[in-house]
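Colleague: Right, I'll just put the structure down here and ask away after.
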Amino acid sequence: MPEAWAPVRPETPPAPELLYWNAELADELGLDAGQTDKGELARLFSGADIPEGAQPIAQAYAGHQFGGLSPSLGDGRALLLGEVTDRNGQRRDIALKGSGQTPFSRRGDGKAAVGPMLRELIVGEAMQALGIPTTRALAVTTTGEPVYRERPLPGAVLTRVAASHLRVGTFQYFAIRGETAMLNKLADYTIARHYPQLAGRDGRHLALLAAVAERQAALIARWMHAGFIHGVMNTDNMALSGETIDYGPCAFMDAHYPGTVFSSIDHQGRYAYGNQPAIAQWNLARFAETLLPLISPDDPAAAVPAATEIVEGFEDLYQRRWLEQARRKLGLEGERDDDQALADDWLMLLAAHGVDHTLAWRYLADEAEGKGERLAALFPSPDALTPWLKQWHARHVPRTRRPPDIAAAMRRESPLYIPRNHLVEEALDAASERGDMGPTLKLLEALHQPFAERDGLDRYAQPAAAELAEGYRTFCGT
C-alpha cells in the first residue's frame, strides 16, 4: 500500500556502538548473530548500513492527541526496516527509532537520546516478563553524536520489534481523506495480519471492530493489574495487534491511587491510571468511525447502531477480563456475584491508605498461609485491614486447595519486581551520564523473573522513599 508510507533513508551516525543486544529476542526471531562482529551489528541497527534488499519506509497515520485531532502525523523519527518471520511462524516488524528525519518529521530532528531508548527497553522487557503483550527492543545503539534537548544528550537508536505498526491512527489517516478504497485494503491487510480467522467473511469489518475491542480489553486489564500507566494513550498509540506500543512517558504506580499521573504533558490528567479503560473505549469509538463506510458501504449511517453496540460493550468486556485476573490474584475458587465488590473494596482500601499497589497484591499471598506480617506492615494500623480480611477469608470457605498451594498460585499472578521509577531513573542516569550499563543490566536481571522472589534483590522490590516519589514526572523524550 504505497499510499500509506514514504521511502526514507536513515541518517548515518558518525560512530555507532552497540550498547545493548537482546540475544533472547534475536533467537526468537531466528536471527543468528553469534558470529557477527559487534561493530557490524552496531552499523546495521543504527541505520548506518541497510540490509541487502531492504527498502526502509516511514508510515503515515493521523491521531487524536489528548483529544484533539491531528490529521497528519506519521513516523517522525522512526522507520520500518523490514519484516521477519519468527520461529513460531509469526511475521514481525523490525523498526528503527531515532534514526533521523523522515517526510513526517515536521520540525523535529528525528533523533533520540540514550535515556528514552533505554526506558523503552527496560519497560518493554518488564511487560514481556509480566505476560503483557508488548513491542520489544532488539538493540540499543549509541550514535556517537549528541542530540539537543534542554541540554546536549548522547544520541541513540532503538531497534523495535512489533507484531505490526498498524494503529487506530493508520485508519484515521485515510478515513479523514475519504479514501474508502484504501481503507478497504487496509482493513483486509489488518485482518490477514492479525485476525486471519475473519478473512473473507461477510460482516468481517464489524467483526474486526469486535476483535480489536476484545484484545484491547484484555490488554488494558493487564495494565491495570500491573499498575502500569501508559501516559500518552493517543489513537496513534493504540496498536491494532493488541500490543503495548510507545513507552515515552510511561511509568508504574507505587502507592495505589486512581488519579496517578506521571506524564509532564498530561496537565489535565486525561491519561491518569484510573482513566485508562475509558480512554481505550474512546479510542475504540474513533476506530469504529473509520470502519462505518466498510461495514455499510451504501449507507454508512446504517452501521452506527451495530458499531455503537460493540463500543458500548467494551466496558463489560474489560470488566470481565479484569475480574478474571482479580479472582486469580485474590486466590478465589469459582465465581460468586459479590467477587467484584470484594475486589473493588480491596482497591479502595489501598487508595484510602496510600498502600503500595504491587506489594499489597504480592503480600496478600502471605496471608493465605497465615503469615500476614508483611501485608499488615504496609498499613498505618492493623485495624485498617481487619474488616476486609474477614470478608476475604470468608470467601475462601469452603476451599479445595491447601493454603500453600493457594499462596503459590497467587504469587504467580502478582509480581514482586516491577520497573520502579527510581530504579529506572538510576539506570538511565548511569548509562546517559557515565556510560555505565551496570544498573540497567542488574535491573533487567530482576525484571526478567518478576514473580520469583530471590536473595539479594530486596532493593528491586521496594518503592522509592517518599521524598523521591513525590512529584515524580516522566517525559516523552522527543
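Using the three backbone atoms N, Cα and C, a Cβ is placed for every residue, glycine included.
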Colleague: Do you know which of Lys97, Lys185 Swiss-Prot groups with Gly74, Gly76, Arg77, Asp109, Gly110, Arg160, Arg167, Asp246 in the ATP site?
Modeller: Lys97
Colleague: Using only the residues recorded as binding ATP (Gly74, Gly76, Arg77, Lys97, Asp109, Gly110, Arg160, Arg167, Asp246), report the maximum Cα-Cα distance in Å, whole number please.
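Modeller: The span, Cα to Cα at its widest, is 23 Å.
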Colleague: Which of the binding-site residues Gly74, Arg77, Asp109, Arg160 has its Cα nearest to the Cα of Asp236 (active site, proton acceptor)?
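Modeller: Sorting the binding-site residues by distance from Asp236 (active site, proton acceptor), the top entry is Gly74.
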Colleague: Which whole-number value in Å describes the distance between the Cα atoms of Arg77 (ATP binding site) and Asn237 (Mg(2+) binding site)?
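Modeller: One finds 15 Å between the Cα atoms of these residues.
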Colleague: Any idea which of the binding-site residues Asp109, Arg160 has the thinnest Cβ neighbourhood at 10 Å?
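Modeller: With the binding-site residues Asp109, Arg160, fewest surrounding Cβ atoms within 10 Å: Asp109.
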Colleague: For Asp236 (active site, proton acceptor), name the DSSP secondary structure in the helix/strand/coil scheme.
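Modeller: It is helical.
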Colleague: Nearest by CA distance to Asn237 (Mg(2+) binding site): which of the binding-site residues is it, out of Gly74, Asp109, Arg160, Asp246?
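Modeller: Its closest listed neighbour, by Cα, is Asp246.
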